[in-house]
Amino acid sequence: MRVNNLTPQDLKAYGINDVQDIVYNPSYDTLYQEELNPGLEGYERGVLTNLGAVAVDTGIFTGRSPKDKYIVRDDTTRDTLWWSDKGKGKNDNKPLSQETWQHLKGLVTHQLSGKRLFIVDAFCGANADTRLSVRFITEVAWQAHFVKNMFIRPTDEELVGFKPDFIVMNGAKCTNPQWKEQGLNSENFVAFNLTERIQLIGGTWYGGEMKKGMFSVMNYLLPLKGIASMHCSANVGEKGDVAVFFGLSGTGKTTLSTDPKRRLIGDDEHGWDDDGVFNFEGGCYAKTIKLSKEAEPEIYHAIRRDALLENVTVREDGTVDFDDGSKTENTRVSYPIYHIDNIVKPVSKAGHATKVIFLTADFGVLPPVSRLTANQTQYHFLSGFTAKLAGTERGVTEPTPTFSACFGAAFLTLHPTQYAEVLVKRMQAAGAQAYLVNTGWNGTGKRISIKDTRAIIDAILNGSLDNAETFRLPLFDLAIPTELPGVDTHILDPRNTYASPEQWQEKATALAKLFIENFEKYTDTPAGEALVSAGPKL
């Protein structure tokens with residue numbers, strides 16, 4: 001049903017001319033037929049799997065390309081944005097001149113002109129008061145499918161008179177040959193203009209650039225209104241108790257929040273306002289490397305017709321080899337959130353969070369779980385430590401220790417302390433407690449099992465961890481439970497997983513130094529200086 005009389009003439013306002021045809025808010029059936037069109041070539045063409053989902057290949061970009069991210073520096077952003085060339089903290093918000101922006105915009109609009117285009121109008125944000133109305137324009141059917149999965153799908157009534165607050169023009173097939181003269185990183189670009197409210201994409205086919213692009217925009221708009229904007233998953237229990245799970249890619253946000261005992265609010269991006277926690281998205285974007293029906297049944301069963309697989313190995317008979325990471329470790333699937341049975345309906349939002357869980361994937365120093373004080377909560381939120389997992393960004397093939405402010409520095413557009421201040425206010429008002437959970441490896445090099453981690457999460461959510469006897473871990477001064485139901489007691493103290501305590505001490509000292517060095521960038525403010533004592537002490 002075409003409920004919006006969008007015509008090629010309307011696209012001239014964006015600089016897109018002579019459009020052959022517009023496929024507006026296509027149905028899933030239409031997208032299925034378009035993606036499997038035998039006349040398609042290269043990365044446009046999808047492959048049907050035996051699970052019913054279509055699989056696509058995103059080319060050389062199997063993750064985001066943060067080094068190719070730019071934001072126009074103008075009167076809107078000059079004094080508010082967290083720029084890469086100001087202050088001590090490193091980030092990906094590289095300034096772009098108005099002149100270069102116009103050049104990039106010309107490249108993308110030229111690429112989209114004269115084509116048959118897919119246009120998807122959708123919402124970012126489950127709260128009608130603060131949601132963004134976003135218009136996605138692309139010439140690739142599966143990219144339209146991706147945003148239909150990932151963003152909130154408007155009703156026919158909501159599409160009548162839909163007025164976009166933000167435009168995303170995806171010109172994946174075009175590149176910028178003048179990048180060297182313009183002082184850019186490469187011929188590829190992901191550029192934002194917060195005055196014009198437009199995102200441009202060139203050279204990369206990776207669907208996640210559209211998803212995380214809008215997250216970056218929400219991260220700019222909401223905290224300025226006193227609303228927490230969070231890189232987290234969230235779910236709610238039978239009694240209405242809400243938990244949020246912060247963490248970088250691959251640390252377990254999607255897996256751990258998808259729990260048969262609790263209803264899912266969302267798996268990656270949320271806001272927290274006066275009414276409670278709400279999802280930005282209408283879908284999930286789960287990692288599928290080594291996915292099994294036994295370990296993650298809900299995610300496995302979500303991979304069916306209308307789901308979209310990325311960069312997986314599809315055998316000749318249509319079966320999927322989820323264990324094959326030869327293309328990338330960052331294999332993914334996007335699916336509409338209703339592919340998970342146990343979700344919050346009809347709107348993905350709930351009350352205020354009482355449990356805040358920081359997920360980290362560490363290499364044998366941090367314990368599987370610890371309970372944080374108020375100051376430790378701020379310290380570890382600003383530190384955002386994890387080992388960056390292979391494949392989630394271009395060029396990352398080995399796990400490396402990294403500090404990502406607020407567990408999502410790549411998507412922050414304001415200074416990290418602004419997110420910490422808003423989160424702490426929301427937590428204090430709700431009486432929320434924070435925990436640090438290590439989903440990574442122990443001293444033997446063995447990854448902490450999903451079974452043990454799920455038992456730890458259960459202990460947090462049912463309150464048994466708060467009542468458990470604890471001991472303090474040296475250097476980091478973390479409160480660790482002596483035992484928890486369903487968890488191997490031996491692993492709770494990370495020192496037990498080494499041949500000798502001295503081996504742990506050596507690795508722990510090295511990690512503590514990294515924490516201390518990283519946190520120095522926050523000590524230029526009194527608030528940051530006051531938090532130093534909540535971190536490790538040598």
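Using the three backbone atoms N, Cα and C, a Cβ is placed for every residue, glycine included.
Just one of Tyr70, Tyr206 is listed by Swiss-Prot for the same substrate site as Arg64, Lys212, Arg332, and that one is Tyr206. Cross-referencing Asp267, Asp268, Asp273, Asp274 with the Mn(2+) binding residues that Swiss-Prot gives (Lys212, His231) picks out Asp268. Residue pair Lys253 (ATP binding site) / Arg64 (substrate binding site) shows a Cα separation of 18 Å.
Around the Cβ of Lys212 (substrate binding site), the number of neighbouring Cβ atoms within 10 Å comes to 23. Candidate binding-site residues: Phe151, Gly247, Ser249, Asp268, Ile448. Nearest to Arg64 (substrate binding site) by Cα distance: Ser249. Cα spacing between Thr251 (ATP binding site) and Asn149 (Ca(2+) binding site): 22 Å, rounded to the nearest whole number. Within 10 Å (C-alpha to C-alpha) of His231 (Mn(2+) binding site) lies none of the binding-site residues Asn149, Tyr206, Thr255, Arg332, Ile448.
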